[in-house]
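Participant: So that we are looking at the same thing, I have put the structure below in structure tokens.
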């Protein structure tokens, strides 16, 4: 029995060993490549995640030693696209998402792009994008069409949207363009995806409007036929009754009667059996007798109306009219959304600025009406007063400073005048300088102008005195602090802010901190270095007060406070009253809080005065009502004294608060008693302020005040008693001088100097060389030891590429008056001091370093390194994308500061999209060669230079307009036309310009090429869905969780206590209902969406093209200022601008708007996880679970870290009307589909001598036309015309042309025009010009382009077609005529026209015989009857 038991135990042990040694089951995938591992006391969570090229997983094992439990974490990768490295990828940004692992095993999502060469072309006939490469590459199409994939040779992507706004990327090439089909493609896509082939779907959709109106007509007709079989049809009696009545009236009045039946004449039919009254007769004679005898009751219109209600013909007519009526009302609608700002809540610190701003706004609003009403009168009175008073004052001064000499009858100036008996030393001389003729022929007489010189001299004196008075007034502002306050080295009670504030404030708001600082420099109160500190005050009141209170020394605080009070001279002036913007903050604190002493019974008079401003401040009796309470209850004193200090700090920020805190900190609070008393005496009318200050005087006199402990933040605001010192050796700079230009510095020292009076620090200086002849430079960056010499220091990096900036003589002169210290520079330990052998390359290129060209690699962390092995990859890199800096990565190199390099030419700049290139060809032969070379084009646009693209695709509608100007015997001088045109892209209008006598002059086409509202947007962050969560966690066997859980920046922390229990604890932990699991986490997102913020206000830009025959030009005009040139004048008549959104999101090259978080805000909407550069930010409460194991650590499962509402980004509104140019970090967003107003234009035509023109003249004309039939470009024609006379030529062509008349000049030979052909004109076509026939040579390129490519801001053919013919009936008219007649016309040619003319003649003849003949016969009989009556009347006479 014992043996069997022993055998059983051995068997169980062997089985247990076999189980323990069995290979573990691998999660996610088997094997894989180990890419990173780490041993640490905190572990990561297990994950299995896939990116675009691989799958990653993590494995964690635990080990324990004497120091604790450690986690061994490993990360493995399994390739799904094994050969993706062949595309020569780089992390310059792209569409390939790759997850990498940093040194802490955190997942980092990066985007890579391939750099293999790729050729992008477009097949316009098949509407396909073509990609071609030699090795593995990746393409991506985003925008209205989305497609991506890998390929090795050729591939294509079909375009099927009506208008495509797409971004195409292949390899390192990226293009952005706009393309539109000839027709709307939504219908074609719908039908083509069914059983219909493509050409049939295109034909149906080309005539879809006609098909729809026919189907609707048939549907209505069938419905009408059904109701005609019921009595419901008589509901249409009100419709047909008026028609029947009108027909009956015309029947009786207008038609000749048949001699057989008495009814209306009917030449083509027999006499009927029914009379118009409804009676039936067997013979026509009885009917005639019935009509002639007067028994017929007349035409029964209701009978005819009832017949029409039952008639199928009338039903068909009603069906056609109803269908046309219904479809004529189908037009697009446009709406506008207005966003109203949400209410804003202000903090207590902002309240001063808000109240001041609102007070100023209210004051402005209340006084603007008064200012407007007295403005005109005031200006008149001022000028009148100056004129009158100045003249009077100058006249009085002139009389007092001059005398009239009776001896010489002249005026003399009293200045420097002496008497010589009855004469003076100035006799014979007049102040005006005019001399008498010695011969006595010209005698000078005294005039008023003789005193002008004296008046001007006195006027200069008055202006000088006035200027001095103004300067003295401004200078008095500088003395507000008293002379002793500027010389004090420590704060005193008389030199605090409320006591040194200016007593007068007459120029409120007229000064800036900069002007105030310069006034202090002028008054020799401070140096220029002190004055430059005004920038610390900022732009608002709170920023200035924060700058003042943050100073640690009295001199600096006094300086800034003086500047502040000189600018805001009324800050303490309003304390003379019981309200004001500067009192809002401390009064809010006093009202919102309560003193503990006020809870006692009876209530002290002090508490009553806090709520009643009419109480007397002489009956407060603090000692009587408060001593007992504060003596027994120290906590009451501490609370109330703290509240008093809060109020005092809000009321008197700056030096007054600093003085009080300083005395409390020194345990001498009673020394502040005098300061508070002086402040109370200065503002006796401010009752609440006086009460609080007297309360403060009482409180500082109590014994508890000496033991009161200031809060830490208040201790920091108390002034320091000692002057600042600097580390290093104090040195004399008496022999210092500016250093020479150099890039290297030996014996480098950093210099720190302090101004002797205000201790303004100057620490951006350094010296080179030995003592005492220091060479001084401005320290513009960090100092590094050269990487190859320890005694040499470099600027900004370790390569000595940046030159030092010598200090100027003014700075050195100032230094010699300061106390300066020298210290040895410290070698930084930042990224520029860390060498590397390789890195993940983001870009590469050549940069200028002085006169040399350096080969540079830009790493994924934006650091730049010199390299001489650009194509060498580091075999030890994880992803295989690290590039060596030297052969085989043997040499370590240091980063180069970007400021040391210039004119960098990067090879991978193509990650930023390029745009369509436009080429203007000067000759018709070049244009012919360009469009005929091949059908598959690169993305380039070719234009014939004389026409460019300044004409619309469709011939515009012409209007007649009369030229304005001066009409002469030869024609018009200064001819011009004035008109207006809607500011809408694609709008065009033609003008046939006539003279007043009706003479045709010339044709002009005005074309709005682009009318856009645009704005620039800056990229602020990326967002996307969460694909993984990085985490670090640890656990404690016993105890509580740490109060501060360690976490990296932007990581969220989580914790849970009482996690240890039986069966759920690590090995060796015997605990129940205690312990803790804690850690931190951060989301890893796939960046799918970029968010941009508007950087400037919207601008309206309009491009207007004017095309004369043979001359064309375009000009731009904005909405704010007119455009005036020698050829035209443009100005917006009306402006209607729709604001662009403030925030936009771009996903797959599509623009979205809606509820989007701004940078730094994390609301529950799109964009609450934000990636900026390499950091992720977000907010939320992590949710996590853990899995228990016996005698082992727990597995942490992070359910959620950040709140990521990326799903709401998919619900944003796509802005199909907004287009944009993607410039990587910026967007140019524009709307070219909106009517932006009305543009008034005046075209200046110059002189037109049309009366000298002749009708018929001989021309030497040679014409060549190149183009295609029915394509976007039409035919471009070049005309070579030689004429001996100026002429306006009328040309007649057998095709559609954009101009009927051209103006021929003797000085010009080349002309250009555009014509459209619906069929091939052949090699030659006959044109008539000036009455003569000429042959035009044509070259037709066989093209069937389905798609038109442009840059997006210009209008396309389909948009111009929609603008021209946007309603259903217009489309039906065009499509119906083209469907019926175009195939016949192509087959029969001119014979079809002959047939149509004959058919039209037959129809007119039929109408004449059937309708006009009876009416004419009736008219003839009526005329004969009147003739017979006239003859009978004549016989009776």
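Note: Cβ is positioned from N, Cα and C throughout, glycine not excepted.
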Participant: Name the residue among 65, 252 that Swiss-Prot annotates as N-linked glycosylation site.
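Facilitator: Checking Swiss-Prot against 65, 252, the N-linked glycosylation site entry points to 65.
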Participant: For the feature transmembrane segment as recorded in Swiss-Prot, pick the matching range from 313-333, 334-354, 397-417.
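Facilitator: Here Swiss-Prot associates transmembrane segment with the stretch 313-333.
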Participant: Please find, within the list 185-205, 269-289, 290-310, 374-394, the residue stretch that Swiss-Prot describes as transmembrane segment.
Facilitator: 374-394
Participant: Given 1371-1391, 1392-1412, which one carries Swiss-Prot's transmembrane segment label?
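Facilitator: Per Swiss-Prot, the stretch marked transmembrane segment is 1392-1412.
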Participant: From 474, 1173, pick the one Swiss-Prot annotates as N-linked glycosylation site?
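Facilitator: Residue annotated N-linked glycosylation site in Swiss-Prot: 1173.
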Participant: So if I draw a 10 Å sphere around the Cβ of residue 65 (N-linked glycosylation site), how many other Cβ atoms end up inside it?
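Facilitator: Excluding its own Cβ, the number within 10 Å is 7.
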Participant: In sequence order, which same-chain residues at least six apart have a C-beta under 8 angstroms from residue 88 (N-linked glycosylation site)?
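Facilitator: The list for residue 88 (N-linked glycosylation site) reads 114, 115, 116, given in order along the sequence.
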Participant: Other Cβ atoms within 10 Å is the metric here; tell me which of the glycosylation sites 627, 1173 scores highest.
Facilitator: 627
Participant: Roughly how many Å lie between the Cα atoms of residue 1173 (N-linked glycosylation site) and residue 65 (N-linked glycosylation site), rounded to a whole value?
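Facilitator: So the alpha carbons of residue 1173 (N-linked glycosylation site) and residue 65 (N-linked glycosylation site) sit roughly 40 Å from each other.
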Participant: Pull the DSSP breakdown for the topological domain 'Cytoplasmic' (229-312) and write it out as helix, strand, coil residue counts.
Facilitator: 44 helix, 4 strand, 36 coil
Participant: Using DSSP and collapsing to three states, where does residue 627 (N-linked glycosylation site) fall: helix, strand or coil?
Facilitator: helix
Participant: How big is the Cα-to-Cα gap, in Å, between residue 627 (N-linked glycosylation site) and residue 65 (N-linked glycosylation site)?
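Facilitator: Between the alpha carbons of residue 627 (N-linked glycosylation site) and residue 65 (N-linked glycosylation site) there are 66 Å.
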Participant: Let me know the model's mean pLDDT on the topological domain 'Lumenal' (22-207).
Facilitator: 79
